[in-house]
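Following: one structure in structure tokens, then a few remarks.
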């Protein structure tokens, strides 16, 4: 796709900035850092120019400031550098000495130390004759700058994760950047202009005014949640609930390397209008009563939609909005029909956990005194937990369907009826289904087939969220109960991401009031306050793409699904997208959501 000149300029800015900083949201805190990023962008600022861009008293500049400066600072021209060299070439022979080069490099741009001058001269003095062919040096310098810029741009283009973490690009299929939705209908809610009292100065401001910042139109949203507000008391259940048929199904949230969260989807068939009681909550696999599984604090939700799981279009029916401790629920009446149940987590507390110290890789198999292979105690414990997760109906047995969801997750393949028949002949089964012992035997057979080589076993464990210390650091379990006279069944793994994103977006816009950014009536922000989270959607009704800067730095005791307190999102024309979800870090303490949304002007 061919980019406009403005887009190319912006990409160059970001590539240069990310060559120095880990994120385009990190502030520059010194004049030297400003000089470094300008040089990465092919500029050669003089000391006078740096003093102008970084006047006395300046404490920090941000990426927007850098873009503005880059517009003013011209690219270092080879001819300009040649003219400077010629001034010091007293013999007019095309060469200069070490001392002459030292005077040049310390009189323009960032001053170099004697050691740095020596390094440059050593690099440029190809013939090692103590003289510098400055024409060749200029060509080398120009080529090096171009190569650095090209490499930085290629890295930025190739690294989708970098795009998402540093700019929140909506094209990434991750919980941190949900997919944009189709064109807004003409009947979309009309915005109301926010009163002046809600307009606040961007808390990200540096110590000096910025022309880019002065053109912004901020919108501030502040919501305070009381301590323990997310821990409501036991909600009244229907009096006849104990007489209802209960269907229990388990599932697991898997955090992918790119930040995407996937899980099973489920089908619910209702032949006639019926009262329904739906709940979802984390599944505790810990055998120690006072030490629950680490993911028990992960928020969950269940979205009910109509539609075919093979299609992206669907209609949101309801979602588990009420909360009772770690359980989220919905109760009401559903008409006859077919429904998809889509498990969801905001991702606020579903971050990859890493150990502070490096640990030794766990051993998966041993050899007995007779030379036979056996599974280690630690590996058996991990497999037992995996069995609990993939035993979707909690029967203590694995059906072919349940086992195939496991196979789909770990190998991408499926076990056919013939292969399943062989499994039943060789491993412990009951009622034509695989027992826990049979599941362990199957893994032992795989170890024997590889003569003790654990590489394939590790692939399975890593796909299920385990690290090399046999800790589950990426998979987070949950199960939900359907209290109704009908059966639910798992249908797909990780195929409904767009459908779920659409449902989440609609759940927010249907319950939150739209507020427009001052001066940008076609850019709306919806902020939804739930039992335990605050979520926002940005709707762009204009015919042009907009970039919105999000600042949560004034929030207290909060964690964002983006994993950052400051970020930016691009919203294409005539679309709307989920911006972020925010939850309390410590639910026993009061927490405050304070978000400032700001339009970043087009370059």
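Here the Cβ of each residue, glycine as well, is placed from N, Cα and C on the backbone.
Mean pLDDT for the domain 'EF-hand' (76-111) in this predicted model: 68. Among the features that TrEMBL reports, domain 'EF-hand' is placed at 76-111 (among others).
TrEMBL lists 112-147 (among others) with the feature domain 'EF-hand'.
According to TrEMBL, the feature compositional bias 'Polar residues' maps to 167-180 (among others).
Among the features that TrEMBL reports, region 'Disordered' is placed at 167-237.
The compositional bias 'Basic and acidic residues' annotation in TrEMBL covers 191-205.
Positions annotated as compositional bias 'Low complexity' by TrEMBL: 206-220.
Taken from TrEMBL, the feature compositional bias 'Polar residues' applies to 221-232 (among others).
Within the chain carrying the domain 'EF-hand' (378-413), a Cβ under 8 angstroms from the stretch's Cβ atoms is held by residues 248-252, 254, 264, 283, 285, 362-365, 420, 430-431, 433-436, 438-440, 443, 457, 459-461, 463-464, 466, 470, 472, 475, 477, 479, 490, 493, all 6 or more beyond its ends. Annotation comment: TrEMBL describes 378-413 (among others) as domain 'EF-hand'.
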What are the DSSP helix/strand/coil residue counts across the domain 'EF-hand' (378-413)?
24 helix, 1 strand, 11 coil
